[in-house]
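Here's what TrEMBL has on this protein:
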type     : residues : note
DOMAIN   : 44-295   : domain 'G-protein coupled receptors family 1 profile'
TRANSMEM : 30-51    : transmembrane segment
TRANSMEM : 63-85    : transmembrane segment
TRANSMEM : 105-123  : transmembrane segment
TRANSMEM : 144-166  : transmembrane segment
TRANSMEM : 200-219  : transmembrane segment
TRANSMEM : 240-263  : transmembrane segment
TRANSMEM : 275-297  : transmembrane segment
Amino acid sequence: MIEEFQGFNFSHNEFIFLGFPVIYEYRRLLSLPFFTTYILVLVGNSLLIYVIRIMESLHSPMYILICGLAAVDIVVATVIIPNMLLSFLFDWNDISLASCLTQMFFTHFLSSVESTILLAMALDRYVAICYPLHYTRILNSTMFLRLFLFTVIRSGTIMFVLVALAGSLSFCGSNVIHHCYCDHMALVSLACGNTDKNNAMGLAVIICFVGIDICVIIFSYMKILNVVLRRAAGEDRWKAFHTCGTHLIVIMCFYLIGTVTFLSRNLNMQIPTDINTFLGVMYIVLPASVNPIIYGVRTKEIRNGILKLFNTRVNRELTVQVCGKTQQRCSS
């Protein structure tokens with residue numbers, strides 16, 4: 001039952017998710033594509049982590065960053081998709097304010113960590129291609145420790161303030177969150193009081209993670225393309241352009257969707273609830289689904305590692321079968 005109260009003496013502690021109101025009656029059918037996507041995210045990213053872990057040749061900074069990206073994709077998808085599936089299948093739509101704020105923190109924190117990893121990957125390629133002689137000196141264990149501290153401090157501090165400001169609001173109107181998970185502005189839009197600080201913090205998040213990170217990423221890839229196109233020729237040029245272009249397209253989709261969903265309510269953009277919810281989910285699910293392909297299968301070293309792993313398993317099973325048949329013949 002949806003409760004509505006007016007007045008500032010009351011504040012909701014329980015909320016109800018309603019992400020796709022127009023197609024709500026088909027919510028059980030919606031669970032199928034999201035469940036399939038979640039399985040693909042788990043399998044693809046887990047395989048990527050496993051291959052990088054067991055292949056010593058892949059224990060370099062670039063692949064460690066890819067491994068970190070895969071781990072973040074698994075965790076951030078797990079934060080929202082299982083709850084979505086329970087909501088679609090069993091109508092478990094309720095969530096407490098504390099749980100909502102917790103989900104909000106981890107969703108936005110992990111997304112910001114992913115942004116930082118993408119930034120680090122771009123800088124890694126920039127140093128490797130533009131300053132190859134200084135690569136090992138620049139990207140060493142000390143640099144990784146600094147990157148880790150920078151990521152935790154920047155993302156943790158900003159997202160903690162974002163969530164704390166949201167938790168300080170009073171929710172005396174509707175308790176229906178028009179989303180599939182506890183999105184920041186979806187919750188803030190239900191507040192009764194002044195939300196100027198929350199809106200300003202939302203803009204600060206966009207400026208910090210989109211305005212800064214995407215500019216550095218684009219600068220790095222432009223420099224990489226400039227160096228590669230000057231040194232390479234023919235097919236190598238096309239491969240470099242295709243690789244950088246693909247990476248940039250995926251990265252731009254990640255930042256564009258995130259910006260639209262984050263600012264849609266700040267700027268009073270009239271986006272239908274179903275579309276806004278879909279974009280919010282795609283902001284999490286799309287990168288987690290395509291990253292194993294873009295940074296895994298399409299990377300020659302990782303692709304060879306997967307094929308080597310697969311061939312080793314096949315040869316081992318064939319050897320066991322041959323040995324088993326040999327023993328049966330000997331015993332007969």
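Even glycines carry a Cβ here, placed using N, Cα and C.
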Against which stretches of its own chain does the transmembrane segment (30-51) lie, if we need a Cβ under 8 Å and a gap of at least six residues from its ends?
20, 23, 58, 66-67, 70-71, 73-74, 77, 81-82, 84-85, 88-89, 281, 285, 288-289, 291-293, 295-296, 302, 305-306, 309
Please tell me whether the transmembrane segment (240-263) and the transmembrane segment (105-123) touch - that is, whether there are at least 3 C-beta pairs under 8 Å between them, with each pair 6 or more apart in sequence.
yes
Maximum Cβ pairs under 8 Å to the transmembrane segment (63-85) - stretch from the list 105-123, 200-219, 275-297:
105-123
So if I exclude everything within five residues of the ends of the transmembrane segment (200-219), which remaining residues of that chain have a CB under 8 angstroms from its CBs? That is, six or more out.
108, 112, 115-116, 118-119, 122-123, 154, 158-159, 161-162, 165, 184-185, 188, 248, 251-252, 255, 258-259, 262-263, 266
Who are the chain neighbours of the transmembrane segment (105-123) in space, where the CB to CB distance is under 8 Å and they lie at least 6 residues beyond its ends?
62, 65-66, 68-69, 72-73, 75-76, 79-80, 147, 150-151, 154-156, 158-160, 162-163, 181-184, 205, 209-210, 213, 216-217, 220-221, 251, 254-255, 258, 283-284, 287, 295
Roughly where does the domain 'G-protein coupled receptors family 1 profile' (44-295) sit in mean pLDDT, to the nearest integer?
87
